[in-house]
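Q: What Swiss-Prot records for CYS176 is active site, thioimidate intermediate, and it gives sequence analysis as the kind of evidence. Per Swiss-Prot, NADP(+) binding site is recorded for 205-228, and the stated evidence type is sequence analysis.
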Amino acid sequence: MLNEFPIFDYEDIQLIPNKCVIKSRAEADTSVTLGNHTFKLPVVPANMQTILDENVAEQLAKGGYFYIMHRFDEAGRIPFIKRMHNQGLIASISVGVKDYEYDFVSQLKADTPEYITIDIAHGHADSVISMIQHIKKELPDTFVIAGNVGTPEAVRELENAGADATKVGIGPGKVCITKVKTGFGTGGWQLAALRWCAKAARKPIIADGGIRTHGDIAKSIRFGASMIMIGSLFAGHIESPGKTIEVDGEQFKEYYGSASQYQKGAYKNVEGKRILLPAKGHLQDTLTEMEQDLQSAISYAGGRQVADLKHVDYVIVKNSIWNGDASH
């Protein structure tokens, strides 16, 4: 039962250091394997329209990073798979669960993507289980990620249906308002939800949402994530597809949720909002900084690789991360 677990989120946790065994943080290996491929970092930009487009996906794949292309350009998905495969790059796409998606999946036999993410807000659903089974029947070699979920029961059901990984997080993201609109979600206790779900998982878990700092990546690994999906930290770059808007001489980029009226084009069943983020530099600069910060985290863990973060002790001190720093 959930009540047996302490409830906390990223800002409530600090990891406890161990003796360092490497001479330089540069020796720490941040790579992670998901399915048949190994990637430079255990992070993936959120599959949202203001985070990545085909060009960003290509840049990530060429750089050795995992990506998941969003599902909001449905007609462009097959040409995208071809574009990536023609360059010797992995193809990683998203699908929904509507009836026409079944025919779409069946069309992929000729040019099969390495990864498919079933991407709906409430992933513990018969419709998702049915789609997992369909993909596995039609494309048995494709790695299937299913989500989003927030309970151990959901993780087990999706794994049993054939999912190769589950995505955990119901509404903790910066532009997600699910918890406000519906009363449901993992916002405010996403890290505890991740821990709860990970204890039931036999296959990889992708933590999705609520990441506000690079240190949250290490915390996610500690509590059971194999990969971490990140939205706001990857939004607002020069390469980001979001519109650039000038306000009082300062450059901003728009960032909106996948269930917002800005994505849907209509105000119906809205569970996302739009915000403006100060424009950042290049995406690669953020990826490099994430890698360096994760290398430092591994060194503090007394480890040499990402998996060593899973064994560190931690302390729960509510909202302690910004103690003594009034600017936050």
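Even glycines carry a Cβ here, placed using N, Cα and C.
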Q: Could you say whether, by DSSP, ILE217 (NADP(+) binding site) belongs to a helix, a strand or a coil region?
A: helix
Q: List, in sequence order, the same-chain residues at least six positions removed whose CB sits under 8 Å from that of ILE205 (NADP(+) binding site)?
A: VAL155, ALA165, THR166, LYS167, VAL168, LEU194, CYS197, ALA198, GLY224, ALA225, SER226, MET227
Q: Which residues, sitting 6 or more apart from PHE223 (NADP(+) binding site) on the same chain, put a CB under 8 Å from its CB?
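A: PHE223 (NADP(+) binding site) has long-range Cβ partners LEU191, LEU194, ARG195, ALA198.
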Q: ASP208 (NADP(+) binding site) has how many other Cβ neighbours within 10 Å of its own Cβ?
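A: Within a 10 Å radius of the Cβ of ASP208 (NADP(+) binding site) lie 32 other Cβ atoms.
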Q: Cβ distance under 8 Å to SER220 (NADP(+) binding site), same chain, sequence separation 6 or more: which residues?
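A: The list for SER220 (NADP(+) binding site) reads LEU191, LEU194, ALA207, ILE211, ILE228, given in order along the sequence.
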Q: Give me the long-range Cβ neighbours of ILE217 (NADP(+) binding site): same chain, 6+ apart, Cβ under 8 Å, in sequence order.
A: PRO42, VAL43, ILE211, ILE228, ILE230, MET290, ASP293, LEU294, ALA297
Q: Counting only residues 6+ apart in the same chain, whose Cβ is under 8 Å from the Cβ of HIS214 (NADP(+) binding site)?
A: LEU233, GLU289, MET290, ASP293, LEU294
